[in-house]
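Take a look at the structure set out below.
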Amino acid sequence: MTQTFFTAIIENTFLQYSIIAIILISIAAGIIGSLLVSNNIVFIGGGVAHCAYGGIGIAIFCGFSVLLGASLSALFVAFCLGFVKKYYSRYIDVFNSVLWAFGMALGVLFLNLSPQVGVDVESYLFGSIISIDKDLLWLIFYYNCFLVGFVYIYYKEILGISYDYEFCLLKNIKAQIFTNMIFIFIAIGIILCMQISGLILVLAILSIPAYIANLFICTLKAQMLFTSLLTCIFMLAGLYVAYRYNISPGASITLVSVFSMILILIIYKIRMLRG
């Protein structure tokens, strides 16, 4: 069956696009996931993803690009949370929950009011990696270029903000500007990752590999690299399982990631007990 899978990759363009998308998304998810875990703001990723559902509903209702609607909604959340972090940081989880619920409610409302029929909402909820086209691949590629460039140039500032935000403020580092930029990159990255896993399962791609990497690796830069590698492995394995058993790729990628994390945690715990 493995040989059949590799043969199918050679013969089918959509599978080739899926493989390329996985490689590209792994780079973005590795960096974004590491930032979410190191800053302890994984919950913000969930808020951005679910609030994007409001943008999806508005886009379908108004008849423009769903990707654009989701992106605008995610950017709106990023700016809101950046403002909240500066002035009401104690309550950022509360505001995130409010935006989370507001976005989902708005999405449901506009989808109910939408005059369009036959809209495949499930693909936005659970992802549709096999429907990725060349334009989206280029979009992810350009995003990766900007993201990698930003991290490479401002790595020290990002490192400082991730581990000691107050110290950066004392050193007159423009922490708020970098925080807003990080939130913007996180928002856009989540929307792109949603193309594979959907908004419901996107947190698995962003948090599980990053958490595993955080267990074994200390430096942020190495965590990003290892997280990208793990993400790629989990997603390729999930795609194979989806092809093998004819199930949803988003669900299979999530299950592969979860079971892998459980296995690694068991091994890690055993090693810790043995000293």
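Each Cβ is built from the backbone N, Cα and C atoms, and glycine gets one as well.
What TrEMBL says about this one:
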type	residues	note
TRANSMEM	14-36	transmembrane segment
TRANSMEM	56-84	transmembrane segment
TRANSMEM	91-111	transmembrane segment
TRANSMEM	136-155	transmembrane segment
TRANSMEM	175-192	transmembrane segment
TRANSMEM	198-217	transmembrane segment
TRANSMEM	224-243	transmembrane segment
TRANSMEM	249-268	transmembrane segment
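Most Cβ pairs within less than 8 Å of the transmembrane segment (14-36), among stretches 56-84, 91-111, 136-155, 198-217, 224-243, belong to 224-243. Under the criterion of 3 or more C-beta pairs below 8 Å, with sequence separation of 6 or more, the transmembrane segment (175-192) and the transmembrane segment (56-84) qualify as touching.
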